[in-house]
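Notes for the one structure printed next.
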Amino acid sequence: MKIGVSGIQGDFREHKVMLEKLGVDVKVVRKPEELDEVDGLVIPGGESTTMIRIMKMVNLYEKLKQKIKEGFPVFGTCAGMILLSKEVVNFPQDSLGVIDIKVERNAYGRQVDSFEEQIEVKGFEKTFNAIFIRAPKVVDYGENVEVLATYMDSPVLLRQNNVLVASFHPELTEDTRIHEYFLNMVKK
C-alpha cells in the first residue's frame, strides 16, 4: 500500500512522518498523474483557498474530484476538511464537494485561540487528544454522513463512504489511531 500526501501547501510533512511511523510507503503528491501511483490521499491543514488555487493551476483539482467520486479514499484535516466539504458557509470559495457537510472556516478562533481537547472517538477505547488550530466547524451534515467524534456537540471527525475529515490535527500528536483508521479504509 502506498499513501499520497498532498504536498501543495500546508503541514504535509507531519502527515508523512505519521504514516511512515506506521510503516507505510508515502508519496508527496503535487501533480495529477501522481494520484495514479497511490492507493489513498491525505489532504493536510494549511490555507484552503491557496490549496484550491494551486490544485487548479496544476490540474490536480478535477482529477482528484473524479477519483474520489469513483471511490478513491481521502482523508482531510482542517483545511483539508474545508476542501472536501460540500459548502463553505462564511467565505465564498470553491470546494471539491465530495462529503455532504457545510463548514464555517476558522470557527474556533484565530491562531492565538488554538487549543487541545480530549475527545471520544467512536470505536476507540481511550480518548484522543485533538489539537484545534483555526479549525473549521461543521454547521450541517447530510444523513449519509457518519459522525465519529464531537466537541461541544459539534461534529469534528466525520466519514461518508471513502471520505474521512477532521476539524483538528491528528498529525501533530504522537497518537496514530486516526491515521490507522484511514489506512483501514484504504485496505477495504
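Glycine too: its Cβ is placed from the backbone N, Cα and C atoms.
Going by Swiss-Prot, these are the annotated features:
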ACT_SITE  Cys78  active site, nucleophile
ACT_SITE  His169  active site, charge relay system
ACT_SITE  Glu171  active site, charge relay system
BINDING   Gly46, Glu47, Ser48, Arg105, Ile133, Arg134  L-glutamine binding site
> Which whole-number value in Å describes the distance between the Cα atoms of Glu47 (L-glutamine binding site) and Glu171 (active site, charge relay system)?
Replying inline: 16
> Greatest CA-CA distance (Å) over the residues Gly46, Glu47, Ser48, Arg105, Ile133, Arg134 that the record ties to L-glutamine?
Replying inline: 13
> Any idea which of the recorded positions Cys78, Ile133 has the thinnest Cβ neighbourhood at 10 Å?
Replying inline: Ile133
> Cα of Cys78 (active site, nucleophile) to Cα of His169 (active site, charge relay system): how many Å, rounded?
Replying inline: 7
> Since the record lists Glu47, Glu171 as recorded positions, which of them has the fewest other Cβ atoms within 10 Å of its Cβ?
Replying inline: Glu47
> So of all those binding-site residues, Gly46, Ser48, Arg105, Ile133, Arg134, which one's Cα sits nearest to His169 (active site, charge relay system)?
Replying inline: Ile133
> Near the Cβ of Gly46 (L-glutamine binding site), how many other Cβ atoms are there if near means within 10 Å?
Replying inline: 20
> Can you tell me the three-state DSSP label for Glu171 (active site, charge relay system)?
Replying inline: helix
> So around the L-glutamine site, Gly46, Glu47, Ser48, Arg105, Ile133, Arg134 aside, which residues have their CB within 8 A of the centroid of those CB atoms?
Replying inline: Gly10, Gly45, Cys78, Ala79, Ile82, Asn106, Pro136
>> DSSP secondary structure for Arg105 (L-glutamine binding site), reduced to helix/strand/coil, please.
In response: coil
> According to DSSP, which of helix, strand or coil covers Ser48 (L-glutamine binding site)?
Replying inline: helix
> Roughly how many Å separate the Cα of Glu171 (active site, charge relay system) from that of Arg134 (L-glutamine binding site), to the nearest whole number?
Replying inline: 15
